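Read the structure below first, then the notes.
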Amino acid sequence: MEGTTPVIARTREELAAARSRVSGTLALVPTMGALHEGHRSLIRRAREIADTVAVSVFVNPLQFGPDEDFDRYPRTFAGDLAACAEEGAGLVFAPSRAVMYPAEPQVTIRSGPMGEVVEGAARPGHFDGMLTVVMKLFQLVRPDAAVFGEKDAQQLAMIRRMVADLDVPVRVVGAPTVREPDGLALSSRNRYLSELERETALALSQALRAGGDAAAAGSAPSAVVRAARAVLDKAAHAAPPLDLDYLVLVDPTTFTEIDDAHTGPAVLAVAGRVGATHLIDNLPMRFGPSEI
Ligand code: PAF
């Protein structure tokens with residue numbers, strides 16, 4: 001573990017001063033804090049691709065719906081800073097809401113059709129708010145690269161699309177989902193779960209594994225979805241129950257659903273609520289002849 005305290009920038013001026021002192025390449029890891037092993041793996045990936053790593057810690061109000069958990073979202077800055085220091089981040093940008101949004105933004109990023117399907121259909125406006133803050137972070141931090149978790153597969157696809165469509169000069173890098181030994185994908189929201197809720201939540205990764213096993217055995221997309229759905233159907237009757245938002249098998253670049261004629265990469269994506277906690281997970285897979 002590194003243990004060197006990163007420079008902390010809370011204002012635009014402090015960030016600009018810290019940024020001007022960075023020599024070589026800079027990779028940004030945007031986060032909403034409550035850092036866990038998944039975030040640490042993103043910082044480690046960022047260190048592999050750049051000379052200096054910046055981590056942003058900002059719970060972005062724009063990407064939460066009115067009935068979502070913005071107020072209770074975990075804020076653990078002291079622990080986040082310790083994690084950044086241990087992983088060797090050089091800079092932590094932790095702006096307040098007033099620094100990030102000095103005025104209510106009128107011009108924002110529209111996520112387009114991909115932002116209205118799957119997770120975007122379950123959380124209207126979420127991807128517009130997410131892309132807007134990511135674009136602002138890119139403008140403020142001016143990184144050469146940015147690292148995002150593949151657990152938020154649709155978010156990652158949308159950021160790649162924004163960068164391509166708007167010619168944003170940032171290399172976007174994905175890093176694999178980190179899981180607990182029993183399969184639960186790491187998420188800052190896992191800390192909301194009671195022991196029983198956590199048991200039910202395991203159905204998400206178990207469903208993905210059932211789908212992944214079916215795909216590996218050569219099943220068609222529709223059979224893969226059926227295999228995963230069987231696991232989720234059981235969890236719908238558990239105590240507490242899983243309230244499924246969606247289970248879809250999609251093209252990883254457009255997030256449109258695929259059919260049995262599909263060949264090439266796909267993502268099996270699932271989301272649901274256990275108690276008041278919204279959880280998502282996904283598994284990449286491939287159909288048709290394997291790549292040489
Ligand atoms: O994945 C997250 O934590 C957030 O959506 C992000 C990318 C930091 C934007 O607020």
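Cβ atoms here come from the backbone N, Cα and C positions, even for glycine.
Residues or ranges marked as active site, proton donor in TrEMBL: HIS39. Under the DSSP three-state reduction, HIS39 (active site, proton donor) is assigned to helix.
Residues or ranges marked as ATP binding site by TrEMBL: 32-39, 149-152, VAL178, 186-189. Taking the Cβ of LEU35 (ATP binding site) as reference, residues of its chain lying under 8 Å away and at least six apart in sequence are, in sequence order, VAL55, VAL57, THR76, GLY79, ASP80, ALA83, CYS84, SER188.
Packing around GLN155 ((R)-pantoate binding site) is summarised by its Cβ count: 23 other Cβ atoms lie within 10 angstroms of its Cβ, all protein chains included. As annotated by TrEMBL, (R)-pantoate binding site applies to GLN63, GLN155.
Per TrEMBL, the feature beta-alanine binding site maps to GLN63. Taking Cβ-Cβ distances under 8 Å and a sequence gap of 6 or more within the same chain, the neighbours of GLN63 ((R)-pantoate binding site) are GLY125, HIS126, PHE127, GLY129, MET130, VAL133.
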Practice problem: Round to the nearest Å and give the CA-to-CA distance linking MET32 (ATP binding site) with HIS39 (active site, proton donor). | Solution: 10
Quiz prompt | Proximal residue to HIS39 (active site, proton donor) among binding-site residues GLU150, GLN155, VAL178 (C-alpha distance) | solution = VAL178
Practice problem: Check the recorded positions MET32, GLY38, HIS39, GLU150, SER188 for any whose Cβ is under 6 angstroms from an atom of ligand 1, and report them in sequence order. | Solution: MET32
Quiz item: Using DSSP, would you call VAL178 (ATP binding site) helix, strand or coil?
Solution: coil
